[in-house]
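Record features (Swiss-Prot):
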REGION    1-36  region 'Disordered'
CROSSLNK  Lys6  SUMO2 cross-link
COMPBIAS  9-19  compositional bias 'Basic residues'
MOD_RES   Lys12  N6-lactoyllysine
MOD_RES   Lys13  N6-(2-hydroxyisobutyryl)lysine
CROSSLNK  Lys21  SUMO2 cross-link
MOD_RES   Lys24  N6-(2-hydroxyisobutyryl)lysine
MOD_RES   Lys24  N6-lactoyllysine
MOD_RES   Lys24  N6-acetyllysine
MOD_RES   Lys35  N6-(2-hydroxyisobutyryl)lysine
MOD_RES   Lys35  N6-crotonyllysine
CROSSLNK  Lys35  ubiquitin cross-link
MOD_RES   Lys44  N6-glutaryllysine
MOD_RES   Lys44  N6-lactoyllysine
MOD_RES   Lys58  N6,N6-dimethyllysine
MOD_RES   Lys58  N6-(2-hydroxyisobutyryl)lysine
MOD_RES   Lys108  N6-(2-hydroxyisobutyryl)lysine
CARBOHYD  Ser112  O-linked glycosylation site
CROSSLNK  Lys120  ubiquitin cross-link
Amino acid sequence: MPEPAKSRPAPKKGSKKAVTKAQKKDGKERKRSRKESYSVYVYKVLKQVHPDTGISSKAMGIMNSFVNDIFERIAGERRLAHYNKRSTITSREIQTAVRLLLPGELAKHAVSEGTKAVTKYTSSK
């Protein structure tokens with residue numbers, strides 16, 4: 001009597017294997033495009049603020065959308081550099097854009113954190 005085929009145990013929920021190549025119809029392998037996201041950085045900030053708190057993949061997707069949206073809005077304020085006949089957006093233009101885009105207290109916190117980050121960066125050079 002033939003032995004029943006051994007089946008592999010089902011992978012644990014949430015575990016994902018990195019697939020770098022996908023099989024094409026004609027047998028050739030092609031590289032799968034990489035999706036860029038801010039999830040690594042969002043996770044690092046979360047652990048700095050609340051070390052014992054986790055985040056779901058759905059919430060991470062929302063945070064990624066939020067960061068992309070804010071980035072696009074700040075980049076959209078490039079007219080601030082254009083007014084001064086400049087082709088480069090400096091930290092000053094970004095600061096002004098943040099003040100225009102974010103409401104009240106949120107803008108104040110964002111500006112202070114941004115200033116702190118720029119100061120840390122320039123002092124490390």
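A Cβ is built for glycine as well, from the same backbone N, Cα and C atoms used for every other residue.
Within 10 Å of the Cα of Lys44 (N6-glutaryllysine), not one of the recorded positions from the list Lys35, Lys58, Lys108, Ser112 places its own Cα. Lys58 (N6,N6-dimethyllysine) sits 28 Å from Lys108 (N6-(2-hydroxyisobutyryl)lysine), taking the Cα positions as reference. In the structure as shown, the Cβ atom of Lys120 (ubiquitin cross-link) sits within 10 Å of 9 other Cβ atoms. Inclusion criterion for the recorded positions Lys108, Ser112, Lys120: a C-alpha placed within 10 angstroms of the C-alpha of Lys35 (N6-(2-hydroxyisobutyryl)lysine); this criterion is met by none of them.
In this chain, none of the residues that are 6 or more apart from Ser112 (O-linked glycosylation site) has a CB less than 8 Å from its CB.
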